[in-house]
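Chemist: The structure is given below, and queries will be raised subsequently.
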Amino acid sequence: MNLSWFNLKRVSNVFLIVIIILGNFLTISGSNLFIIYLGMEINMFGIIPFIILNSNYNIGKINVGIYYFLVQVFGSILFLWGALINISLLGIIGFAIKMGVSPFFLWVPSIFKRLDWFSIIIISTIQKIPSFVVLREVFDFQNNIGLLVCFSGLSVAAVGIHYSNNNIKLVLAWSSVGNMSLTFYLIMVNSQAAIMYFFSYCSVVIIIGLILIKNTIESTNFWSEVSGKSDLLQSLALGILIFSGLPPLLGFQWKLHFFSGLNINENEIMNNQIEILDYNHYMVDYPSYEVLMSWSISLLISVLLIIQVIGYIKIFINL
């Protein structure tokens, strides 16, 4: 009986993952708003039963599936409302809610700490793809919105990581808030760098998640199960260091993708300013205010990332 249930569960998981991927494909390739919205909803209705199916019923995870459903539905309503009345800000807020970026992040740690590892992988990776595509292709919004999301997300993530009490699921949740907020801003200024950054982040989340799945580690008594497994502790420690972004690990590479994207944007600003000055045949107040602001943005983001690194190192020491 248990074996037949296990096989049925595996088949159901594969089927639901196919549905999620199909939803992503429709969103990415959609030529009109209806197809894009349909793909997003297919994605959502693949993830929700996946969460419920992989839940451990004795700790109330069925309610987490309903909670996630309500959050996603609210985000979709705002998206449609903004599209119908032609107010892009409402649509952007809807996608910020669905992605779990700041300031609409509270559902992320609340849900992550009660999910299984496989569901965390899905929500942290392929669930985000439709939102990023639509943000880039459908909406046109100013940099100050992206900067607000980026700075507040990094600040919140830094505090959350420091006070996660070595709970790996909470670390992944706050890391998701911070990294998605960074990607939210980067996709406005350099979509290619944003894609590289996002997939680098996804690869690390998948690796850590698969390690924990392979070792059948549950969250209810996480440290008691991990304490006697030195190989697993070493893998977790390496994962934490990768998330911290210390060189020469993969996390440092994805931070390079982020700053290279900002650098390209700064160069474009510089070139545009030079063209304007050349057209007017004079050069005053150079370097321009925009260039100075872009460098200030990079500096402030660097400071916030360093604060996060300190939090990751603190967790690494306590492992």
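Heads up, the Cβ atoms here are built off N, Cα and C, so glycines get one too.
Annotation comment: TrEMBL describes 88-260 as domain 'NADH:quinone oxidoreductase/Mrp antiporter transmembrane'. Sequence annotations record features per position, and here TrEMBL assigns transmembrane segment to 12-28, 34-53, 65-83, 89-108, 115-133, 145-163, 170-188, 194-213, 233-254, 292-313.
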Chemist: With pairs 6 or more apart in sequence, are the transmembrane segment (145-163) and the transmembrane segment (89-108) linked by at least 3 Cβ pairs under 8 Å?
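Modeler: Touching, yes - the transmembrane segment (145-163) and the transmembrane segment (89-108) meet the threshold of 3 or more Cβ pairs under 8 Å.
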Chemist: Are there residues at least 6 beyond the ends of the transmembrane segment (89-108) whose Cβ is under 8 Å from a Cβ of it, and what are they?
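Modeler: Sequence-distant neighbours of the transmembrane segment (89-108): 40, 67-68, 71-72, 74-83, 128, 131-132, 134-135, 138-139, 141, 145, 149, 152-153, 155-156, 173-174, 176-177, 180-181, 184.
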Chemist: What residues elsewhere in the chain lie close to the transmembrane segment (34-53), defined as a C-beta under 8 angstroms and at least 6 residues from its ends?
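Modeler: Residues packing against the transmembrane segment (34-53) from afar: 9, 12-13, 16-17, 19-20, 22-28, 61-62, 64-65, 68-69, 72-73, 76, 79-80, 98, 115, 118-119, 122-123, 126-127, 130-131, 134, 138.
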Chemist: So which of 65-83, 115-133, 170-188 is most in touch with the transmembrane segment (194-213), counting Cβ pairs under 8 Å?
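Modeler: Counting Cβ pairs under 8 Å, the winner is 115-133.
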Chemist: Would you kindly check 12-28, 65-83, 170-188 and say which stretch has the most C-beta pairs under 8 angstroms to the transmembrane segment (115-133)?
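Modeler: Most contacts with the transmembrane segment (115-133): 12-28.
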